[in-house]
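In Swiss-Prot this protein carries:
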type: ACT_SITE; residues: CYS74; note: active site, proton donor
type: ACT_SITE; residues: CYS218; note: active site, proton acceptor
type: BINDING; residues: ASN12, GLN45, ASN65, GLY75, ASN76, ASN158, ASN191, GLU209, ARG210, GLY219, THR220; note: substrate binding site
type: SITE; residues: TYR269; note: site 'Important for dimerization'
Amino acid sequence: MIQFTKMHGLGNDFMVVDGVTQNVFFSPEQIRRLADRNFGVGFDQLLLVEPPYDPDLDFHYRIFNADGGEVENCGNGARCFARFVRNKGLTNKNKIRVSTSAGKMTLRLERDGTVTVNMGVPVLDPSQIPFKAKKAEKTYLLQTSQQTFLCGAASMGNPHCVLDVEDVANANVAEIGALLTKHERFPRGVNVGFMQVVNSGHIKLRVYERGAAETLACGTGACAAVVVGQIQGKLDQQVRVDLPGGTLTINWEGEGKPLWMTGPAQHVYDGQIQL
């Protein structure tokens, strides 16, 4: 039997598994079955806590989408990861350093119950996102057989494309998201953000996630939207991001500087399941 915990960050929900005290392995087929909301546990992503690969770090953090594919990063998941390892007694630290397949992150548990995550320095170089473009631009033209889109692009350890919309509530997230998430100019696929700028310190956002479709919240998507909005001269250093599942606070001092994200992490229940 595998012990697990169900958690969520603003409705972006996770099955979190301790791979430190349990010997676990998940095949893509098993993950897809577990992710099924009718016949399994049901989640957007599976988060796996592993021992550190580096003695200077506390844990290794792995993320699997509902389709079974492993991805580089998940900001909402990182907050839940921090709360999980502390709640389960895997650490007594309030400041936790972890590695992911994309790099290293620092997670800080706050007194009010929220978690602040150092998401690292945003990547704007197209070759590193990866995104097929000759050079970095504030805005790119993205063509499909149906229409042309204006977008910004950035990586927070995973690739993001951000579109400006006038009214995010009425944005065609499902159709446009499905169209762009596998666009040929993003060799590894892309998460697609739909951003409505309310004012320079406040945006509304919906995100179509690569491998998971639209979710109630996407932490890296919120970060990428603020990065793109700042680069385009629309947003301040600190921005409130309203997602369907709730609110995040993003703070970024500009190019070359790390980005900080603060938000909640909620425990739902503990369970066990036979694979």
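Every residue number used here counts from 1 along the chain in the order it is shown.
Just so it is clear, glycine is given a Cβ too, placed from its N, Cα and C backbone atoms.
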Among CYS74, CYS218, the one of these active-site residues whose Cβ has the fewest neighbouring Cβ atoms within 10 Å: CYS74
Protein Cβ atoms within 10 Å of ASN12 (substrate binding site), excluding its own: 30
Binding-site residues compared (ASN65, ASN76, ASN191, THR220) - the one with the fewest other Cβ atoms within 10 Å: ASN65
Residues satisfying Cβ distance under 8 Å from TYR269 (site 'Important for dimerization'), sequence separation of at least 6: THR5, LYS6
Where ASN65 (substrate binding site) sits in the secondary structure, as DSSP reduces it to three classes: strand
Distance [Cα-Cα, Å, rounded] between ARG210 (substrate binding site) and the residue listed as 'active site, proton acceptor': 11
Candidates ASN12, ASN191, CYS218 (recorded positions) - the one closest to CYS74 (active site, proton donor) by CA: CYS218
Inter-residue Cα distance where the pair is ASN191 (substrate binding site) and CYS218 (active site, proton acceptor), in Å: 9
For the substrate site built from ASN12, GLN45, ASN65, GLY75, ASN76, ASN158, ASN191, GLU209, ARG210, GLY219, THR220, further residues of that chain with CB within 8 A of the site's CB center: ASP44, ILE63, VAL71, ASN73, CYS74, GLY77, VAL207, ALA212, THR215, CYS218, GLY221
